[in-house]
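Enquirer: Before anything else, here's the structure in question.
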Amino acid sequence: MPKTMHFLFRFIVFFYLWGLFTAQRQKKEERTEEVKIEVLHRPENCSKTSKKGDLLNAHYDGYLAKDGSKFYCSRTQNEGHPKWFVLGVGQVIKGLDIAMTDMCPGEKRKVVIPPSFAYGKEGYAEGKIPPDATLIFEIELYAVTKGPRSTETFKQIDMDSDRQLSKAEINLYLQREFEKDEKPRDKSYQDAVLEDIFKKNDHDGDGFISPKEYNVYQHDEL
């Protein structure tokens, strides 16, 4: 084999093996990275835990692991009302979807989320969350209800069977769900939740949520 061809062959083999080594190392790193969960408080009575597709109501604070600086606080948004979101459908970062699975209403957790389950190499919010940042969240879960996106639930809310959800119908549904939760909430809280639902889902602004609008999951920033 001519020297030039021999060198080229060795060159190709080297980079092929290097590529395999790099890919295996990346897979190993992905396997070793995981969301770490510390349960700070768990109620003694827990008849229902959160699962994919459930509608959750929670507050959470976010910190950068490297220096402990706070970058997010849900209590500073929506007049301090807890956030509503559906678990496991990408409305929050993947790490939070994992961290909030199998939680009881009233449970508190502290979780550590590696970059691969957060914002990765890109970072977020114009440098507020830098690239490759490990994040810490302190979470308090208030309520777990059946996810609102199933056909069955749509039919339950749609009392007059006109295939659209009015504010009155959704308001009644929320009232029933809050009563099941057995935690006192004033009318202003329920009104705020109702307003938020229509703000995120009534895309054509007609005052109703259609089946199409109902089945569109919104992606929140955090």
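For all residues, glycine too, the Cβ spot is worked out from N, Cα and C.
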Enquirer: For which of the residue intervals 159-162, 187-190, 211-214, 219-222 does Swiss-Prot record motif 'Prevents secretion from ER'?
Expert: 219-222
Enquirer: Determine the minimum-neighbour residue: among ASP160, GLU169, ASP202, listed as binding-site residues, which Cβ has the fewest other Cβ atoms within 10 angstroms?
Expert: ASP160
Enquirer: What is the separation, in Å, between the Cα atoms of ASP158 (Ca(2+) 1 binding site) and ASP206 (Ca(2+) 2 binding site)?
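Expert: With distance taken Cα to Cα, ASP206 (Ca(2+) 2 binding site) is 16 Å from ASP158 (Ca(2+) 1 binding site).
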Enquirer: Between the Cα atoms of ASP202 (Ca(2+) 2 binding site) and ASP162 (Ca(2+) 1 binding site), find the distance and write it as a whole number of Å.
Expert: 16
Enquirer: Which sequence positions outside the domain 'EF-hand 1' (145-180), separated from its termini by at least 6 residues, show Cβ-Cβ distances below 8 Å to it?
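Expert: Distant contacts of the domain 'EF-hand 1' (145-180): 53-55, 57, 86-87, 190, 193-194, 197-198, 207-211, 214-215, 217.
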Enquirer: Considering the binding-site residues ASP204, ASP206, GLU213, which residue's Cβ sits among the greatest number of other Cβ atoms within 10 Å?
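Expert: Comparing the binding-site residues ASP204, ASP206, GLU213, the most crowded Cβ belongs to GLU213.
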